[in-house]
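A.B. asks: The active site, proton acceptor annotation in Swiss-Prot covers Glu337, Asp361 and rests on sequence analysis. Swiss-Prot lists Glu337, Asp361, His528 with the feature Mn(2+) binding site, giving sequence analysis as the kind of evidence.
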Amino acid sequence: MKKISLPKIGIRPVIDGRRMGVRESLEEQTMNMAKATAALITEKMHHACGAQVECVIADTCIAGMAESAACEEKFSSQNVGVTITVTPCWCYGSETIDMDPMRPKAIWGFNGTERPGAVYLAAALAAHSQKGIPAFSIYGHDVQDADDTSIPADVEEKLLRFARAGLAVASMKGKSYLSVGGVSMGIAGSIVDHNFFESWLGMKVQAVDMTELRRRIDQKIYYEAELEMALAWADKNFRYGEDQNASQYKRNEAQNRAVLKESLLMAMCIRDMMQGNKTLADKGLVEESLGYNAIAAGFQGQRHWTDQYPNGDTAEALLNSSFDWNGVREPFVVATENDSLNGVAMLFGHQLTGTAQIFADVRTYWSPEAVERVTGQALSGLAEHGIIHLINSGSAALDGACKQRDSEGKPTMKPHWEISQQEADACLAATEWCPAIHEYFRGGGYSSRFLTEGGVPFTMTRVNIIKGLGPVLQIAEGWSVELPKAMHDQLDARTNSTWPTTCFAPRLTGKGPFTDVYSVMANWGANHGVLTIGHVGADFITLAAMLRIPVCMHNVEEAKIYRPSAWAAHGMDIEGQDYRACQNYGPLYKR
């Protein structure tokens, strides 16, 4: 089957169409703007899969309807999913704009004095607003000379932020969310909302009963040689942690081996269900070899599976990580307990950064007073105002141990194309695999246990659905915190010391939900959240605006907030603007 091509970014150089001197004098400058924009994006951006982003430039500058149509024909044939219009001069507004209502679009109007690029930008944006097709405005802060071909830092920041978010939109469109199982323990996020996926994300939902996973395992619908490779890899790399189960629930060596084998098979089969596996076709299993075109998935697990079979912790942790027995590779997005809304937050984070995501329970707010009462020690540094304990039974990406290093030698989580095998090995070495607690998981399993290094910038996010309003996005930028060992051990033991842990300190603003750490916890909309590496809340805000998902909570600096220009016409308070604009325009893929 032909592989689906990656979306490209289309660059549209627009120009003043008056011949006999005007157009001719602008052709080179205008096309050079397009080439410079394409070069910037190609140099600095990757798809989430690691491939370099490709740009497609219109064959000619666009002065009117005919050339605009020719450009659109070219873009349609090359899977262009995002467009950037560039110009240094006056052009004819509504005659030259990109009219595709579902494709993210931006306009860069050159800030120069010789020709009025700013005037075209304003005229074109007015046309976009009047026609109900929002576009992003890019206009440099400082005047440039006409022969200055450089891209100023503020323009570059907006171009790249727009391109990252726009490619995320284009990459999700037409894909599916694979729901393996149904509702887990009454968790609202696992009540998978087809309308949300279809209308806001342009995705489908593929619902598959967990018996399909059972069938694939029992009937050996997998690549058997790969299973042996996975087992050998686990034997080499897995360190096993404490077994906290009562003696009557402890498993013997043979039983533990069977649990490990099934856990690895679950990872293989869920992966194959998501993306397909051509080796299955060689076994005559053509239908199963295709997969479900899933860009994200969720596994119900509890309790209809886990009361009898090994839990999904090992499978989910390995799939969500940037490496496994096949080496370093793109992480998958698999939500535990089939929490599809947390899965979408994971998907957003992965598409924006190319990194693995940490899925966690937003478990406990620890106040400074409570910590001192319990441990006899005081919180300090980033943790001085309290922490949020993020911990789940083991589905967090192993990258979350933060044993990878940035260019300054600081702990981080890298895009998978930058991760060395040594860094992957370090993450594995920092992880223990603890037998699942019987009272939670009667069918057994292994939970990964690691502790996230401290001082690492993170952005915590969550999508929620509100009846009568639709989806909303929550964002909290902050840092991981590493507590003194004795303090950590006491706090960890009160929940479960066999699970992966991240202590998170959000950045406080002194206002609203970020008045204090308690307020962040109290305003969080669900029991789960996602950690994405870096302070990337501004990228999430731009992406949400493209999809028409209002942001109900964030601590991003106002200067970094970047939304379509039409949002400014929806009132004077920027967060109210967001709600009114999203309601006015409705979901991107209206149904």
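Don't overthink the numbers, they just go from 1 along the chain as shown.
Each Cβ is built from the backbone N, Cα and C atoms, and glycine gets one as well.
So that I understand the layout, could you describe where these features sit and how close they are to other parts?
C.D. replies: According to DSSP, Glu337 (active site, proton acceptor) sits in a coil region rather than a helix or strand. The Cβ neighbour count for Glu337 (active site, proton acceptor), using a 10 Å radius and every protein chain shown, is 28.
Counting Cβ atoms from all protein chains shown, Asp361 (active site, proton acceptor) has 18 others lying within 10 Å of its own Cβ.
Counting every protein chain shown, the Cβ of His528 (Mn(2+) binding site) has 25 other Cβ atoms within 10 Å.
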A.B. asks: Can you grab the distance from His528 (Mn(2+) binding site) over to Asp361 (active site, proton acceptor)? Cα atoms, rounded to a whole Å.
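C.D. replies: The Cα atom of His528 (Mn(2+) binding site) is 4 Å away from the Cα atom of Asp361 (active site, proton acceptor).
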A.B. asks: Rounded to the nearest angstrom, how far is the Cα of Glu337 (active site, proton acceptor) from the Cα of Asp361 (active site, proton acceptor)?
C.D. replies: 11
